[in-house]
Amino acid sequence: MAKPKKGAKVNNPNRKSRNQKVLQTIADLQKRIDEYDPATDEQSISQFKHLPISEGTYKGLLENNFVSLTDIQKKAIPVALKSEDVMGTARTGSGKTLAFLVPVIEKLIRENITEYDGLAALIVSPTRELAVQTFEVLTKIGKYNSFSAGLVTGGKDVKYEKERISRMNILIGTPGRISQHLNEAVGMETSNLQVLVLDEADRCLDMGFRKQIDNILGHLPVTRQTLLFSATQSDNVKDLARLSLVNPKRVGVSSDQEVSSIPESLEQYYIKISLASKMDVLWSFLKSHLKSKILVFFSSSKQVQFAYEAFRRLQPGISLLKLYGRHKQTSRLETTMKFSRAQHACLFATDIVARGLDFPAIDWVVQVDCPEDAATYVHRVGRAARFGRQGKSLLMLAPSEEEGMVKRLEAHKISLKMMNIKQKNKKVISPQLQSLCFQDPELKNLGQRAFISYMKSVHIQKDKDIFKVEELPAAEYAKALGLPGTPNINIKNGAGNKDKKNMSRELLALQKPEKQKSDSEKVRTKYDRMFERQNQTVLSKNYLNMAAGDDSGSEDDFMSVKRKDHIIKDEELPDLSVPVSKRQSKKALSKKASLKSKGNPTKLIFDDEGVTHHLYEFEDEEDFKSRGDAKLQKAEFVSKENEAMSKADVDDKATAREKRQEKKRRWKEQERLAREQDEFSGSEDEAHTVTLAGADIDRDMDYGRSSEDEQPPSKKPKWFEQEKPKKKKVDIVEVEEPETLEDLEALTAKLIGS
């Protein structure tokens, strides 16, 4: 068989038949969609298999246990499959994510989009966590389709994303990063875009992304299909819908209905407590719900950090996590995954997790700080009781916030049950917090910044019927946080601070006047560098500013405009008495002179419960009389002391009895040792033995021996050559049997001499 020439086309019948099969499947799918009427067939569909969707999409849904349709999915998916614009509104946790992901996948399948067709679907989410969650759901249900999907969020490498963004068919991201790529990325072509999805549109507008969304809409073709989903329908959302949607179909909650309703399986409670008792109540709540999954909301990130660090040191017995906007992206994702997989845990968070995130099986949602409006309350409590599960919520309200907030919620048909706290179950932790702040300056600094950020968050709220900063007990709240005093707060004009906070750094730099040069552009002399030197052993600049009352640091939760030029007149300077001689200057710096201005020293001690006391505490006469009659106090004191002495007497008698027994044991032991020593000394005396015997002929007869017969003395063996140890020699004195008196006298003399 001859080989085909190089460059000649090769007809592959299998490939051609496969393409024809795909086209036939798409045509059949389009025919089913055209014949489908959402108005008449809505009552007959209850599962995904009843929808005109492809086999691959249905298989991916079935593998992830997505079988039945929710209300919003039943109304939105059929309309979106017919390529019409949709404006969907539904309660939180109702399944809005699948309501737009399924139509997006089916739209790309019917248009026969491949990896060479570029960007075909764009999904905009308000937060990074929600974008990541949407991307994960897309990869699960779309695993049997050949589309390429990408995720672009803040906190990642922009250059890395630009190199690969041109090959994506579906792009999911946050408004800021998508707008940046549309302006800067060369390969990001949007002329072939088929679908645009705006998820949690109201949240995007509340977070200040209106300009970014307008920029995104300006880059997209007019012929696209737009799906807008939101939990509430505010005026801003309606304005956005008029600009981005063409003859939209409204599904879910109608436009004349109130704020999104609360899930029916959610139990809602609120308690009325003072601002100073919130930390105590939160601690008591955690200690009594150790086998629960709890989500705690604060109004600022500094409060989240302080509560996390303080409770972590106190060890409540449950896993603690924290999540706020200034976290790094990797840390935020890690925290989100840990809390999702945990069975019993507590997450301290800001409103960054109040929208769209699906944490499974949350038992309690606790709002330590009052939400800014009813919509924020709805989104916070919507993290629990999702998809028909059971859940509970608890709202802590200060006395100045109760009346106004309850009225706002009742106006939106949200009723709360009031809960009373049993004082015996309430645990006070302010002494422990005070002890921790005394031992750790960093925790004290966090507490000061948490106090300031909370006061500022209350001050900038628009609803002054609820948020009354002048009625808050600042001194008591600072004491409850464990602070030694009330920090100084410089609240400046907050108008435009939110816009400045959400504005990019490049635009903020362009708005500055040209005369105000940055410190890096100024020429610094040798003397400038000398005065700018700082000792390396001092605390951080941020902490020093806090100690001095300057709370306008760059890491604060709110931006404030600082004054650049400080003009101080000469008459405003204080008249200081400067020493004129070395002797006077040395005397002024002496310890004796410094003690005059400092006053008397004070020393504090901590008891076992962490409460501070002065080293010497005396009771006044008035305090003594206020406790009752002196004779009754005397009798009570004497009875208490007698009872204490009787208890101590029993212990003393037992101690004395043990001492006597021990003394008796030692005396017996000494007697035993003395007796053994006497027996040992007696055995040594018996070693000298006297033997009485008769005449010894061999000894008495002295045989003459020649020198030849004498043997030389043998060599003394070494200590290691001796086979047996030498025994102690016994002195034996042998004498003949005495016969006369002279023999007895000689024997006696010999014994005495030996």
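Using the three backbone atoms N, Cα and C, a Cβ is placed for every residue, glycine included.
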- prompt: According to Swiss-Prot, which of these ranges is region 'Disordered': 155-184, 575-604, 605-634?
  reply: 575-604
Query: the motif 'DEAD box' (199-202): mean pLDDT?
result: 87
- prompt: So how many of the residues in the motif 'DEAD box' (199-202) end up helix, strand or coil by DSSP?
  reply: 2 helix, 1 strand, 1 coil
Message: According to DSSP, does A90 (ATP binding site) sit in a helix, a strand, or coil?
response: coil
Statement: Cβ contacts within 10 Å for A90 (ATP binding site), all chains included, total 23
Message: Let me check the 10 A CB neighbour count of G95 (ATP binding site). How many other CB atoms are there?
response: 19
